[in-house]
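*Asks:* Encoded as structure tokens, here's the structure I'll be asking about.
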Amino acid sequence: CLSHLYTIPFARVWIPDPEEVWKSAELLKDYKPGDKVLLLHLEEGKDLEYCLDPKTKELPHLRNPDILVGENDLTALSYLHEPAVLHNLRVRFIDSKLIYTYCGIVLVAINPYEQLPIYGEDIINAYSGQNMGDMDPHIFAVAEEAYKQMARDERNQSIIVSGESGAGKTVSAKYAMRYFATVSGSASEANVEEKVLASNPIMESIGNAKTTRNDNSSRFGKYIEIGFDKRYRIIGANMRTYLLEKSRVVFQAEEERNYHIFYQLCASAKLPEFKMLRLGNANDFNYTKQGGSPVIEGVDDAKEMAHTRQACTLLGISESYQMGIFQILAGILHLGNVGFTSRDADSCAIPPKHEPLCIFCDLMGVDYEEMCHWLCHRKLATATETYIKPISKLQATNARDALAKHIYAKLFNWIVDHVNQALHSAVKQHSFIGVLDIYGFETFEINSFEQFCINYANEKLQQQFNMHVFKLEQEEYMKEQIPWTLIDFYDNQPCINLIESKLGILDLLDEECKMPKGTDDTWAQKLYNTHLNKCALFEKPRLSNKAFIIQHFADKVEYQCEGFLEKNKDTVFEEQIKVLRSSKFKMLPELFQDDEKAISPTSATSLGRTPLTRAPAKPTKGRPGQMAKEHKKTVGHQFRNSLHLLMETLNATTPHYVRCIKPNDFKFPFTFDEKRAVQQLRACGVLETIRISAAGFPSRWTYQEFFSRYRVLMKQKDVLSDRKQTCKNVLEKLILDKDKYQFGKTKIFFRAGQVAYLEKLRADKLRAACIRIQKTIRGWLLRKKYLRMRKAAITVQRYVRGYQARCYAKFLRRTKAATIIQKYWRMYVVCRRYKIKRAATIVLQSYLRGYLARNRYRKILREHKAVIIQKWVRGWLARTHYKRSMHAIIYLQCCFRRMMAKRELKKLKIEARSVERYKKLHIGMENKIMQLQRKVDEQNKDYKCLMEKLTNLEGIYNSETEKLRSDLERLQLSEEEAKVATGRVLSLQEEIAKLRKDLEQTRSEKKCIEERADRYKQETEELVSNLKEENTLLKQEKESLNHRIVEQAKEMTETMEKKLVEETKQLELDLNDERLRYQNLLNEFSRLEERYDDLKEEMTLMVHVPKPGHKRTDSTHSSNESEYIFSSEIAEMEDIPLRTEEPTEKKVPLDMSLFLKLQKRVTELEQEKQVMQDELDRKEEQVLRSKAKEEERPQIRGAELEYESLKRQELESENKKLKNELNELRKALSEKSAPEVTAPGAPAYRVLMEQLTSVSEELDVRKEEVLILRSQLVSQKEAIQPKNTMTDSTILLEDVQKMKDKGEIAQAYIGLKEKTGKSSALDCHELNEDGELWLVYEGLKQANRLLESQLQSQKRSHENEAEALRGEIQSLKEENNRQQQLLAQNLQLPPEARIEASLQHEITRLTNENLDLMEQLEKQDKTVRKLKKQLKVFAKKIGELEVGQMENISPGQIIDEPIRPVNIPRKEKDFQGMLEYKKEDEQKLVKNLILELKPRGVAVNLIPGLPAYILFMCVRHADYLNDDQKVRSLLTSTINSIKKVLKKRGDDFETVSFWLSNTCRFLHCLKQYSGEEGFMKHNTSRQNEHCLTNFDLAEYRQVLSDLAIQIYQQLVRVLENILQPMIVSGMLEHETIQGVSGVKPTGLRKRTSSIADEGTYTLDSILRQLNSFHSVMCQHGMDPELIKQVVKQMFYIVGAITLNNLLLRKDMCSWSKGMQIRYNVSQLEEWLRDKNLMNSGAKETLEPLIQAAQLLQVKKKTDDDAEAICSMCNALTTAQIVKVLNLYTPVNEFEERVSVSFIRTIQMRLRDRKDSPQLLMDAKHIFPVTFPFNPSSLALETIQIPASLGLGFISRV
């Protein structure tokens, strides 16, 4: 198959190239076996003859198809070789800007030398919980895999990060640790994860430095073990360090720096606390100026110093210790400036009072003279004597540098110990994840001891890596039952033996170090003698005797022997160390003390870090010889031991590999140097992994994926139900060589190149199909084009002929029209002459006749007006006299009757106080009842008569009113006209005199004016003409200006409206932001509250050792619970620590500190919450104020308030009277009767009490009637305000306006006008004398209003009856029509269907009748209740008679005779919508109604919101009793219980939804019945009576609102947890439209299959879940607006998670996947339409996902396409658009990748867009929730409590 691929025209291959490593070329001529030369065409355009190797005859590597280029996993490539790997990495890095790629189990990370936005918390959340192959490669995916395997396999993990200096090892390790810290969190509030991350800046400052390759190069290796507890939360960490580069302290190469900490100190030298260090510029010190590059571009050392100090503080290093560290570091700098002067060749001296040495001694606290002496001398000890020998200047300089290095190494170890101590945890470690950040393979021009150790460590790690890869490959083959053949792989054990075995390089080095006169040269000779020509991996350079070459796994490295012995010994003079140990500076001796006194938790074992000079683990005092011996351990020996320990640790864990690649040596961003990349790929083992994979079966497919991809190569008959057998049959036909593939249990294994062969066959098949489709389509298009042209020609001909015909017809019509016009014009001229003559005659006649008629009319009118005025005046005088007499008579009668009634009332009151009165009253009660019945009948008859009289009176009143109105109007008009007439006469007389004078002057001037008039006439005419012209111009200008003004007004109104809309939107956005911030703070508060409760429970468990006879009450059931105030919830947190017992504080001091921190945090949150609440209230007030200004209306106070106040006063007075009468009655009974009779249980007492209650009921009825009348009187008095003047013009105008007869008004006006002013004024005065006219008029008005109200009430009742009758008629008509339709339909049906339809109709009819009967039954029940009440009244009266008879019997008879029990029927109560319970039953109520109520059980059959109604009815009763303690206790218990239920069952959607709807309903009830006008608009009058009367529960409403917000947020979290596993699978991976997208080849990191398996979620799964959520919320009676908000949040979660996964998955960014997404979104929109939720805003939340899907499908080539994309994708950020374009991957060869130039064009067009740089959407974002007021129409008094709730102890009131 492979040789066949070389015969394909234009097959592409890779050929070696010295510059680019590998070049791509095309075959111009097919290869035939035996050819020695291949004719190739390079991409540059050149042709080349490529000669094959005559020995191997190996063909050049084939190039992978374009569809496989850019894959996430290198093992997914069909051809696995070096050029394919290099090209794939280059395409991903340069074109797609992707720095991570999988290579089997290895993550290859290329340093971009640029900050990328791919490490935020949103990215961490996106990778959390995902499978490693499902997402794009990332360091977070490796960290998640390690974390998941640790939890799943209960096995420790390791992440091995390696690479060259500058490749990004430290950054990768840092991000891995950040991932663990973010995902796992800490097990306590000690912020361990922050401390783990804080160790990075400290270690970087003291262990990292700038090199020529890297600005932040780690100059030591470290292995950090992050410890986890059983719940896999971080509890601590431990760090081991390896091989610190001490030589950098005293020497730096060109363009390099010392460790960062020195430059940070120099940059902060001006700080006050650092003045004592006497530091300056970095160029002032010898140890920091050698590299000549003291500043790193873009790095502020002073700021970095602040970060370092902050990290030290966080890790518990106190300020004093920090200053001690800085003091030692400054001392090292000053020590480097100490200079020596030579005395002779063998001795030297330090100048006296040498300033650098003085500063050093001051800082270190040592004696100057002693340190000065031992810097220039050394002590030599022999067997007998001790000598002090001076040393030369060179030796002294080397000794000074050695001392500086030794101090720095000790300080480094001390800091590491303290970091480990801070990260150490007292909790037992359950498991750990280790992160190894160690140097990669290094080779330089000059390689020394450090490179030797580094490469030795990499040899060990490479061996471990090879073994692990081999093991995984073997396990895969065995799992799939594939025959296992041994794969040959490179084993580097010989190289390791060469270094570490007996007589190996390290052994010989240690041996030479022990020799007194050992040198580097002698050691080199020993190496030559031992290994040269004996070990193939050891060589000697040709031109050097002081170097050796080792063949490492990556490359040959030449090491220079110079300096090996010195670095391995790491000697320092003991006398100098003793001087430092004697320092007064306390910290300095700590650095040199024994390890047993060290503070590090790992110091007790040998498992800790490995310093370069290591003290013994357990030193023994008094044995200095042993101590000296131990001190002689070499660096190489220590390093070998620590490396063995590291390998043991790694072998005990599951390793994960990250290989960091440095793309270029110049730190250019996104620049790829192929040579450097290949070197590193070879060195880090990536190519070895590829080789091992390629040796076997690298390509692996599941049977279903293979079938989906290559279904096009199968015929219909080949497809069987068994997919496995189908794939076998097809492969046997396609690939004849059976060795090229193997069938496993679940996968098919292919040799290298076979997938490319299959892809070629698939592409050929698709290409042939495309050609056939194109042929057919093109033919169809041309046929359609011909038909269109033919049709167009016919249409043109038709229109031309039609035009010609129309032109001829038009000519004929014009000719005929001209003849008709002439005829009509001639007729018009004649008619016009005749009409002019006729009109003149008619005008003359009309004027003459009109003049005569007007004269006759005036005469008749004067006579008629005189008669009318006489009639009205006489009638008014007679009526006034009669009414005055009638009023006086009635007044006398009232006074007399009132006097008689008062006398009768006094008598009745005296009689009522005696018992005898009651006896008399009840004699002949039956007769009285009959008489009362007769009276009732008579009153009814009288009522009818009165109503008839009332109607008659109403008619009379109307006529009288109209007459009075006309009289008043005439009087008023006559008065006004008289005044006007008198004034006019005077003015006319004055004007006549003036006119006479003017007339004389005018006559004299007339002549002059006439003369001038003629002169100016012509001028005036000219001026007029000019003015007319100007006027026309001005008019035109005016019109134009008006037009402009109108346009400007429109523009201004439009702009103002736009501004208003924008400001409104901005205010709404600000309000939403404030609401969101408040709800986030509330969420944080609830989280802290839950955390506090958990800590409290843990503390109680830890301290739960009860003393005998003493049991501590749970804090959640404390006695103070009822006094809990929810507006300030800090009280609970402050009280509970006070109640904690004292032993707790002693045993767990950390918990108490945590409690204090919590308290402080909660108080801060509470303050922030209060501030946010104030701001929110202020914003809402502004909005309300603006609305109030627009909708400001005057509010008129009605008579209801008067009615309520009057009613309250009457009730209070009646209550007092009744109490007094009751007391008097009891006294009378106690005085006159025996105690047995008057006892509370006696029958007489009961009867009397019932009688008293009946009397009180009758009194209440009477009182309500009286109060209604009084309220009406009050309202009438308000309407009639007192007038100062009875003839007020405004009142008269009102009355005139109320007149109905317009003719009367006109007549009165004309009559008044003809009278003189004097007579009218006198008449008016006489008529209105003493205000009689006004009194009469007001009386009539009151009577009219009363009659009008009665008439309107009757009219309304008649209208209601008529409406009811109309409704019945309409229903009967509808029923008749329906019956007729059914009859017609039944006649058309066959007999069987007719019977079935008639049965169905009969069932529906019976059902409707049943419902109607039920309604009638309910009405009858009501009437029965009313009748029962009447019966009770009569029974009470009968009982009163019986009591009267019993009182005549003596007490003795009562005792002797048996008492017959009185049958008193139970009174039917009129329920007030309240529930009564006892105080001790409160916990029982809360338990049954909240804690133990299950939504799926009992609550399913309840009225929606029933628990809320029950709770509110209980609150109402407590409010009715005015019991504030009971109200507070009930509300507190309710809120606490709801919180407990949600904490216990907070992950159950039904529970959370149930309590969210009930909490909202409870909140709405508190608002609806609060008594506030804003909430009472939709209430019925009965509901308004149920309002709370005593307490304002506004604060509790706020608490309930906060609780509802918390429940809503919990509901959203539950939704998210349920939906999250479904979203990616259902929206992205599952193929809803089958066959649209084929599955691409995948690598070892298998992505989730897009084929729906049994356990895979589909879109239907999401829709079913949405249906379930919606039905549950509707069933629980949740507010519709709240359901819309929940649905909007659900759709946002779906859209955000889908888009985030799309942005992180390259395999999902294709054209076909865009189609799948759009189809899935359309299904979601259809679901919204079905549920009527399109206006919920849910669809808008999917807009980013819709635009991303459209972006995958649109054209992406030209500038027009770029413009279309920019305008279309307005909901996506620039980063998201660019990411999608970079990730776009063709699934088939017919699609094209997006070019880099097109992406740059998009970026240029979008550079001005201001959007978030964040790549991913915040899937955790929760929209601010609002709870719009939703009043309930349910009447509280109708609510029944089911027995299933177990609330029998509460009773309805």
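From the backbone N, Cα and C atoms, a Cβ is placed for every residue, glycine too.
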*Asks:* From the ranges 137-159, 643-665, 1701-1723, pick the one that TrEMBL records as region 'Actin-binding'.
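*Replies:* Result: 643-665 is the stretch TrEMBL calls region 'Actin-binding'.
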*Asks:* Between 599-631, 1160-1192, which stretch does TrEMBL give the note region 'Disordered'?
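*Replies:* In TrEMBL, the region 'Disordered' feature sits at 599-631.
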*Asks:* Cβ-Cβ under 8 Å from Glu164 (ATP binding site), same chain, 6 or more residues apart: which ones?
*Replies:* Arg213, Gly440, Phe441, Glu442, Cys660, Lys662, Gln680, Ala683
*Asks:* Determine the Cβ neighbour count for Gly168 (ATP binding site): the number of other Cβ atoms within 10 Å of its Cβ.
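*Replies:* Step by step: centre on the Cβ of Gly168 (ATP binding site), count other Cβ atoms within 10 Å, giving 25.
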*Asks:* List the same-chain residues at least 6 positions away in sequence whose Cβ sits under 8 Å from the Cβ of Ser165 (ATP binding site), in sequence order, or say none.
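*Replies:* Those within reach of Ser165 (ATP binding site), by Cβ under 8 Å and sequence separation of 6 or more, are Thr211, Arg213, Asn214, Ser217, Ser218, Tyr439, Gly440, Glu442.
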*Asks:* Counting across all protein chains shown, how many other Cβ atoms sit within 10 Å of the Cβ of Gly166 (ATP binding site)?
*Replies:* 21
*Asks:* What are the non-local neighbours of Thr170 (ATP binding site), defined as same-chain residues 6+ apart in sequence with CB under 8 A from its CB?
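*Replies:* Once residues fewer than 6 apart are set aside, Thr170 (ATP binding site) is near Glu204, Asn208, Asn216, Ser218, Asp437.
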*Asks:* Using DSSP, what is the helix/strand/coil residue split across the domain 'Myosin N-terminal SH3-like' (8-60)?
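*Replies:* Within the domain 'Myosin N-terminal SH3-like' (8-60) the tally stands at 0 helix, 24 strand, 29 coil.
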*Asks:* Roughly where does the domain 'Myosin motor' (69-763) sit in mean pLDDT, to the nearest integer?
*Replies:* 83
*Asks:* Taking the centroid of the Cβ atoms of Gly163, Glu164, Ser165, Gly166, Ala167, Gly168, Lys169, Thr170 as the ATP site, which other residues of that chain lie with their Cβ within 8 Å of it, listed in sequence order?
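*Replies:* Neighbours within 8 Å of the Cβ centroid, excluding Gly163, Glu164, Ser165, Gly166, Ala167, Gly168, Lys169, Thr170: Asn111, Asn214, Ser217, Ser218, Gly440, Cys660, Lys662.
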